[in-house]
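J.: I have a structure here, written as structure tokens, and I will follow up with some questions on it.
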Amino acid sequence: MSAEATRAQERPVTVELAKEFGLSAEEYQNALDILGRTPTFTEMGIISVMWSEHCSYKSSKVWLKTLPTTGPQVICGPGENAGVVDIGDGDAVIFKMESHNHPSYIEPFQGAATGVGGILRDVFTMGARPIANMNALRFGSPDHSKTRHLVSGVVAGIAHYGNCVGVPTVGGETNFHPAFNGNILVNAMTVGVAKTDRIFYSAAAGIGNPVVYVGSKTGRDGIHGATMASAEFTEDSEEKRPTVQVGDPFTEKLLIEACLELMETDAIVAIQDMGAAGLTSSSVEMAGKGGLGIELTLDTLPMREEAMTPYEIMLSESQERMLIILKPGREEVAKAIFDKWELDFAVIGHLTDTGNLVIKMYGETWCDMPIAPVSNAAPEYNRPWEPTPKASDVADSVFDGYSEELGDTLTKLFGCPDLASKRWIWEQYDSLVGGDTRFMSGQADAAVVRVPGQTKAVAITTDCTPRYCLADPVEGGKQAVAEAWRNLSAVGALPLAITDNMNFGNPEKPRIMGQFVGAVQGIGEACKALDFPVVSGNVSLYNETNGEAILPTPAIGGVGIMPDAMIAVGVAFKNEGDVILAVGETKGHIGQSIFLREILGREEGAPPPVDLAVERRNGDFVRGLIHEGLVVSSHDAADGGLIVTIAEMALAGGIGAYLTGFDGQHVRALFGEDQGRYVLAVRPDVAATVQEKAKAAGVPVTVLGETRGTSLSGRGGEIVSLKRLREANEGWLPAYMSAEL
Amino acid sequence: MKAAIVVFPGSNRERDAVAALEAVSGTKPHLVWHRDTELPKVDLIVVPGGFSYGDYLRSGAMAAHSPIMREVKARADQGVRVLGICNGFQIITEAGLLPGALMRNGGLKFICRVQHLRVENTDSPFTAKYAKGQVVRYPIAHGDGNYWTDAETVKRLDGEGQVAFRYIADEARADPRGNPNGSVTDIAGIFNAKRTVLGLMPHPEDAVEALHGNTDGKPMFEGLVEALS
């Protein structure tokens with residue numbers, strides 16, 4: 001390859017090329033104005049990814065700024081690779097959730113696998129050893145021809161990557177809805193722990209300091225991946241398969257160990273992974289944050305393919321690569337570590353005082369443009385938006401004609417795709433490696449993972465109810481945060497902070513933009529009221545195919561802390577004769593409930609409102625009881641309402657329930673999805689104490705019954721056996737996945 | 001008891017093994033890098049779980065040819081106890097310390113769950129603390145655990161007391177499922193002829209404290225400490 005051959009591959013830079021690269025005519029003109037000349041082909045590629053929705057947050061930034069991001073516990077909020085939160089004793093928890101939606105639809109196995117790899121790098125690049133992975137998945141209707149293939153590929157991809165790197169995948173959520181037929185959501189979250197005095201940031205410093213490339217070699221995979229993730233899908237999306245990257249978890253595992261080993265030395269000035277837009281975003285962001293220039297000479301950069309051009313190298317999204325600024329003279333120390341782990345290591349440039357990004361290769365300069373003006377000029381739009389019209393709760397008339405036996409209704413609900421057991425999925429994930437997993441999916445409302453070598457533990461949950469968000473984005477946004485906070489409280493953890501993964505349709509449509517604005521507003525309100533700030537996040541827009549948008553899905557990843565992993569409480573009933581209590585008020589809100597959709601066949605009404613003051617009071621009360629050792633089993637009452645919550649606790653423990661608390665109540669009391677509620681099981685000798693404490697705290701508590709036998713039963717006899725519920729619950733997903741296409 | 005844990009690129013359950021050994025023996029085991037050619041003087045060598053070399057060839061096949069494995073084989077010949085867990089079982093089998101081979105799970109999927117096992121032979125320091133026929137629960141987490149050997153070898157393994165553990169279904173439990181991977185005659189773990197080497201797919205090191213939900217793996221490490229101290 002030579003300069004001549006490179007030039008021969010380049011195309012004339014015009015407004016048409018800019019459009020092909022995803023920029024508008026106006027944005028192209030802006031680039032011309034900043035540079036005072038026509039950009040080179042390489043520069044045009046770099047500018048287009050820097051200004052893509054995926055990298056610039058141009059539609060969302062103005063709203064994201066309104067979110068609360070501070071608190072005494074916050075060490076580092078949004079803007080770095082991940083959020084950092086103090087958990088005491090000189091320890092910090094570092095976490096983020098990120099989407100890999102577009103690639104996972106096109107190539108589910110590699111798309112999901114590299115999603116896991118990318119989020120792991122965001123966390124260990126800051127100095128944390130990853131201790132847990134989670135994932136939030138949304139698929140289309142089970143009846144859709146692609147769904148089975150997508151579920152199978154995504155789950156296998158997550159398993160392939162997470163299992164090999166040796167980070168336990170401890171939980172998540174999986175939903176199905178026709179609105180995801182053309183755009184699935186794959187949101188992956190990683191949580192790591194570090195010492196508060198050993199956290200690494202991305203701002204470059206020190207003119208002349210060496211810029212070092214480590215990890216996998218660069219190939220032609222993923223070129224313009226960030227541009228693809230910033231556009232709607234059409235029929236020809238299949239053609240975008242080459243923009244999907246290919247993951248190598250073995251190299252990632254070596255990269256984790258090598259980077260953490262290097263971090264034990266004092267050789268690093270700054271470090272960042274090469275994620276979306278690869279070498280472009282890492283070099284520009286590191287130099288830009290430090291207010292410096294950076295000069296790269298790409299000839300020595302490790303390459304996987306022959307005859308690569310500077311444009312291809314700068315835009316490649318090859319995986320498992322990191323960019324490091326070293327202190328001068330530490331190259332040998334660092335190289336020895338990467339040699340030991342058999343990873344590539346190359347000094348590819350240095351920091352300068354020019355403020356420019358300079359790219360040299362084959363003896364020529366292919367890019368020389370000022371970083372700050374180009375970064376600062378990244379477009380920022382206040383797009384027009386329409387608020388979503390408010391709905392009201394559904395009238396009692398929806399129940400007309402409903403006369404099904406309760407046991408039959410419960411059996412149907414337990415076998416419906418959203419409530420059916422996801423064992424088929426989570427048994428493919430190694431949830432135990434590390435030996436610190438106290439609770440994983442299905443065992444408790446939040447996963448609980450001990451901090452290695454200590455007694456304290458972090459609790460982790462991912463939550464969002466997209467059907468609520470569609471009906472009312474503000475209440476839906478609030479509810480997602482409140483449910484995350486509730487799930488952490490339900491295991492006994494003190495909620496600390498969240499990461500938000502905003503998945504929406506095309507922001508250029510006012511209706512969709514209105515969903516986004518509403519969700520941000522609701523999230524912000526809940527974060528403020530619950531002292532639960534946003535410390536990291538990711539936005540995925542343009543989740544549309546042929547003009548059909550997904551359900552608005554602001555997925556919330558919540559993290560909490562508890563002093564001892566062993567005080568955590570799970571959902572399973574443990575003993576016969578425990579008293580079953582409902583904490584929180586049941587009004588019977590049935591709009592947007594699972595019951596309404598699955599049993600009555602209607603998706604309508606307002607979602608249940610969230611009273612944040614009540615939420616906080618009830619959660620603080622439950623957490624206090626758990627810390628006092630008064631709670632045997634605990635579960636938040638969410639999808640399906642109180643009766644489903646109780647049945648889930650019974651199934652998890654293999655012990656049934658004798659229920660008296662619903663006698664004479666309307667069906668709404670059984671299946672309503674009122675917020676801020678928990679179901680607890682307590683030993684009979686402390687039940688009175690718990691009720692007194694509730695009275696003192698002003699928290700409504702009612703007795704629903706007691707744990708007993710192997711079925712749900714009441715004064716009228718057996719309602720349904722656990723055996724029947726279990727068959728419905730465990731049967732659906734394996735049967736679905738093994739069915740002939 | 002002094003122990004060494006061999007670490008390959010891609011090993012990922014060495015920390016679990018360190019924690020289990022340290023908790024039971026009170027002594028921190030040595031971690032030995034795969035490129036080393038010598039082992040410290042130890043009573044037990046553990047080859048831990050993980051994905052050595054990504055298992056991109058055949059599970060354990062690359063690691064079996066690492067420099068340290070010559071030394072592991074020499075020590076095993078001298079009677080030093082060797083415990084291969086999961087990927088470690090695959091590695092020591094590929095290295096020829098145990099007969100047979102480990103193939104892709106019958107269901108073609110990675111599987112992680114708590115599994116019931118029956119202890120088949122207690123005449124070894126690995127299993128001395130269990131009762132013959134005792135049912136224990138260890139977690140499993142593997143994609144290539146389908147143990148296979150020919151019928152004649154299975155007969156010999158049974159006859160010589162070399163089958164250590166078998167997967168069983170326990171109908172009394174909430175999750176009664178048996179053999180997770182299609183292994184021949186439900187074999188989960190085997191000894192060498194002298195019962196100084198044990199390879200098994202399940203993870204006793206992840207069942208040693210209350211946090212793990214059960215402590216059925218602890219007697220294995222207690223038995224080793226008792227016999228080798």
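The backbone N, Cα and C atoms fix where each Cβ goes, glycine too.
Computed from a predicted structure; not experimentally measured.
Annotation source TrEMBL lists active site, nucleophile at B:C86. The active site annotation in TrEMBL covers B:H203, B:E205.
Describe each of these features in terms of where it is and what it packs against.
T.: Sequence-distant contacts of B:C86 (active site, nucleophile), defined as residues of its own chain at least six apart whose C-beta falls under 8 angstroms from its C-beta, comprise B:R13, B:P48, B:G49, B:G50, B:A141, B:H142, B:G145, B:L200, B:M201, B:P202, B:H203.
Sequence-distant neighbours of B:E205 (active site) (same chain, 6+ apart, CB under 8 A from its CB) are B:R13, B:D16, B:A17, B:A19, B:A20, B:L21, B:I85, B:G217, B:F221.
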J.: Around B:H203 (active site), how many other C-beta atoms are within 10 angstroms of its C-beta?
T.: 30
J.: I'd like to know which active-site residues lie near chain A: of B:C86, B:H203, B:E205, which have a CB under 8 A from one of its CB atoms?
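T.: Qualifying residues, whose Cβ lies under 8 Å from chain A: B:H203, B:E205.
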